[in-house]
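As structure tokens, the structure follows; a few thoughts come after it.
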Amino acid sequence: MTLQIIAGRSGTGKTTHLMDEVGEKIKQNSKTYIFIVPDQMTFQMETSFLNKENLAGMLGTQIFSFSRLAWKILQETGGLSKTFLSQTGIEMVIRKAALDQKDKLKIFSRATSRKGFYSELANLFKEMKQEEVSIEDMVQSATNLSTSVNNKVHDISLIYQKYEELLADKFLENEDYLRLLAEKIADSDYLNRTEIVIDGFTSFSKQELTVIGELMRKCDKVTVSLTLNVPEIQHGLDEYSMFKASTEAYYALLELAKLNGTQVEENKFFLENKRAKTESLAFLANTWGHNKFMSFKNEPQNLKIHQANNRRAEIEGIAREIRQLVLNGYRYRDIAILTRNLGDYDVLCETVMEAYNIPTFIDKKRAMAKHPFIEFIRSSLDAILFNWKYEPIFQAVKTEFFFDITEKSSLNRRKADILENYVLENGIQNKWKWEKEGDWVYRKIRGLSTNVLPQTDEEIHMQSIINEMRSLIVNPLATLELNLRKAKTGMEFALALYHYLEQVNAVERLESWRQRAEEQGYLELAREHEQAWSSISALLDEFVEVLGEETLDLDSFTEIIGTGLDALEFSLLPPSLDQVVLSDMENAKLLDMKVIFAIGMNDGVMPLRQKDKGIFSDQDRDALRAEDSKLKPSAKNNIGEEDLLAYKIISLPSDKLFLSYPAADEEGKVLSESNYLRKIKGQFNELNESVYLTDPSLLSDAEQSSYIRSKQATLGLLTSQLQMYKRGYTLSSVWWDAYNSYFENEKESIMAKQVLSSLYYENKTKPLQETTAKNLFGETIHASVSRMEKFFSCEFQHYAQYGLKLEERGHFQLQAVDMGEIFHGAMEWISAELKRNNLDWGNLTEEECKQMAKLAMTFLAPKIQHEILLSSKRMEYIQYKLLQIITRATTVLNEQAKSSAFRPVGLEVDFGLKGDIPPLKIPLQSDSELLLQGRIDRIDMAEQDDRTFLRIIDYKSSSHDLALTEVYYGLALQMLTYLDIVVTNAQKMIGKTAEPAGVLYFHMHNQYVQAEKELSDEAIAKELQKSSKMKGLILSDPVAVSLMDTTLEKGKASTIIPAEIKQNGELSARSRTATRAEFDKMRQFVRHKYQEAGNKILDGAVSINPYKLKERTPCQFCSFRSFCGFDPSLTSNQYRHLANEKAETILTKMDMEGGTQ
């Protein structure tokens, strides 16, 4: 029984010596030789043995990690009768333990709901077992420490004891295997006549040292290889050395041998670097970690440092280097890319390497949390926990597990979208609404629905789809909830979930996905679908095994299962025989690499700026270790570990070492280079830093040609170079050659044309063909005024809404348009009620106004937006506020009616083919016509002598005025159109001709009076009346004005209309008036605008041409902005800037352009 230690720096040939020595021994005897290496190194070591000629494969040699050796020995000697718990199972049990003890916890009671907390606890428990720290020892160590540490240890103790109780000596963790291994080594026949070789470790846990001690007693020989600086073990331990841990391991092994009475053979020390093939790489590896500064005098060979503009430029530069290396004879498997921050690079690397046709293996396990199956389970449980809220329900729906597996996915998705739209629009946010008896009724009505018509065929069809999809969700989910609510034990909860997955045919769906992925060549995706089911099956088995008999409630079950789901990861396929490996530096599984790219070498990353992580802070660990705790040291006391990690990287390649860093992140934030790079540049005076550029145009032709490395990747660069050429920059012949090369091959030519077409891209539309326009809009265009205003705002907006029939998804929320409908509906109802009872607006009392408003709101509230005003306390309050506005409006109209001779003769008057008034007909080109239809809020009439006047009142929920500029540009046609229609059809409406008296906006709002001093009730009433003044444009005729405000006196301004009388009886310039002739001109011009719009629509006008008037544009509230892609920074996308001119100028233009009908 002997111990031998092999020591030396990396690359000095320790592993090669051990393999050669074993190879020679195998030829001479029949012993078994067992190599023990770290878990992540077993595959690489096996590959090395298979490739070693003198070992004749692996006959007589076995490769194990400590855990795999434990499994082998326990299989032989007994001890595997207990169930093994995975990391997922451990975290679930820890969560159960924490939940059970939650009320007793002093410091972690809130942390029990924090994501990652149970993973941190699992790591701490793992460390305690590895370092053989009992919970009693920890409690003892914390006795004299701060309250904070004491409380932490108190909570950890409670959770740990409960955790151990739940395991009940029936389950094994990974660390338990090593404890059992140490106990069973003496009983193993397999270990008779064996020699053990331990390689690849920089340190050993207490548990591992215990196992090594038992191996010393049992086996013929134990050889341990350690990477360290030989002078340090000859001259004593350096507290700050990067080899501190391995030097401590060296002394610990010698102490073990002494305790066991094991003979120590003469140590073998290796000093010469045999791996590095160039003097510069050998010098860097040999001098790293020395306290004494040493510099390299010559120009370094095969050692490069690169700066990059950003991470993408860095990876693209590396991809070009790799392509060149392969051209020079290297294999992809000779090359590795290592980084400290893999999360910043993995997706980027995958994309870039694919573009450069570089096969790449990314050595990173991915969480399963985003797989549709895992998301389905989590969302289903959340839906039940949160009373069937919209978000979790449709997160589950979108995974497709509710769908009929025999139907096409695309059809099911369309049906699910229809259901989702219905749920959103109807505010279905709880279980009661989902399970309400009877079919859900579909009506294509939004806003106020006072007149319910029979359902159309389309509505009936949509309703059948909605209820079909509803039942696909409700049936299984309601069954799951019923079974979960009845469950008491872990077993019952697990069975409820399992039966739910059976009910939705989860296995069959995952299998169909797997088969389809395989058929399409996506083998990794196929494996993921396969693993998803096997992982959930294993998770439920473990849950039942450990917690099957435990009493649980629904909250505890979902929390524990949620912890398990968070811990699930996809297992990795081993790399193929020829791939570049991208790996995290700390977990890299590499041997015999020729080329290393160390990327992301930034300050704070290498060396890592240490932060507290885990249950104990660095301060906590230092305090506990000061009290003789055997926990691992804090990060700040492991200063040398960062230097050692860097040393592993720089000593790994035999041929070439590339070090690089980005100068900025994706957001442009400046990033500094690593101190290690500054140190290397200080050592190598002749080392010149190069730059990976995003734009190579500043380089020489020869340097630019190095950027052309693959057809797909070069296309992107070529496009950017040609863009610059279009802007007047010189283009190297290198890029013209590249351009021409794409058109020598038909397949590449197609790809190039698709990509390069972006050079000529303009965000412009082409006019529709005449037949297409007529098919979309009809030869007779039936249109509303607002539609025509939309056309003049932006032709494409009109096309999207009325041609393509696009519309926003409806939401169960009260919008401005809904409030407008309530106000219109209230005024219509009150007016109709007054007419029915032969009452006049001006004769109402204040109390009657309030009562009318209240009755109107009572009638309307259930009829707006699927009863939204009755849906919650918040909506009840909004209803109250709306009632206040309606009451105030009723009172103001009552007051105005007392001072006006005008009375309503029409309310909510429809004009159109089926209206009270015929449509306004506008002749168009090619014998087509435009028929205008719509609804007029209110038509007022007044008479004096033989003159009859008509005016239009429009109720608005926001402040409006009539701007002639907007009329001229077609943006505000409504009021003058309505006036034209009623004056034109006066004979039909009132049995006589009439004059236009004006158009006025009545603003319905809650009014407030601002005053610097206290006002009387009379003064307040006067101020409120002023704020209720209607805006618009009225006839500049004293008779008409006096009829509108019978109280208006000379020298005063009206409180009802926009008019002011001077002392001489004339209207002042501050009045908003127009003559009869001007009104006629405007009416004629408005008709001309409709004719212009109608002809343009039939001509196929669909330009993306939004206007800009002052700071206002239609894009501000446009539903289709993301669809049209309007971008003012593009020369092809510019606003139509509209001039805001004086009324006189506008009227002159109208007169000139108005035309005749």
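A Cβ is built for glycine as well, from the same backbone N, Cα and C atoms used for every other residue.
The domain 'UvrD-like helicase ATP-binding' annotation in Swiss-Prot covers 1-278, and the record cites sequence analysis as its basis. Summarising the annotation, Swiss-Prot assigns ATP binding site to GLY8, ARG9, SER10, GLY11, THR12, GLY13, LYS14, THR15. According to Swiss-Prot, the feature domain 'UvrD-like helicase C-terminal' maps to 272-590. What Swiss-Prot lists as [4Fe-4S] cluster binding site is CYS794, CYS1115, CYS1118, CYS1124.
Sequence features, as recorded in Swiss-Prot, placed on the structure.
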residue : record                        : DSSP class
GLY8    : ATP binding site              : strand
GLY13   : ATP binding site              : coil
CYS794  : [4Fe-4S] cluster binding site : coil
CYS1115 : [4Fe-4S] cluster binding site : helix
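Mean pLDDT, taken over the domain 'UvrD-like helicase C-terminal' (272-590), works out to 90 on the 0 to 100 scale. In this structure, the C-alpha atom of THR12 (ATP binding site) lies 69 angstrom from that of CYS1115 ([4Fe-4S] cluster binding site). Taking the C-alpha positions, the distance from ARG9 (ATP binding site) to CYS1124 ([4Fe-4S] cluster binding site) comes to 64 Å. THR15 (ATP binding site) and CYS794 ([4Fe-4S] cluster binding site) are 75 Å apart (CA-CA, integer value). In this view, SER10 (ATP binding site) is surrounded by 21 other Cβ atoms within 10 Å of its Cβ, with every protein chain counted. Across the structure, LYS14 (ATP binding site) and CYS1124 ([4Fe-4S] cluster binding site) are spaced 66 Å apart at their Cα atoms. Cα of GLY11 (ATP binding site) to Cα of CYS1115 ([4Fe-4S] cluster binding site): a span of 65 Å. Here the Cβ of THR15 (ATP binding site) has 22 other Cβ atoms within 10 Å, regardless of which shown protein chain they belong to. There are 20 other Cβ atoms within 10 Å of the Cβ belonging to CYS1118 ([4Fe-4S] cluster binding site). Across the fold, the C-alpha of GLY8 (ATP binding site) and the C-alpha of CYS1124 ([4Fe-4S] cluster binding site) stand 67 Å from each other. The separation of THR15 (ATP binding site) from CYS1124 ([4Fe-4S] cluster binding site), Cα to Cα, is 64 Å.
Taking the C-alpha positions, the distance from CYS1115 ([4Fe-4S] cluster binding site) to SER10 (ATP binding site) comes to 64 Å. Across the fold, the C-alpha of SER10 (ATP binding site) and the C-alpha of CYS1118 ([4Fe-4S] cluster binding site) stand 65 Å from each other. Neighbour density around each Cβ, counted as other Cβ atoms within 10 Å, peaks among the binding-site residues CYS794, CYS1115, CYS1124 at CYS794.
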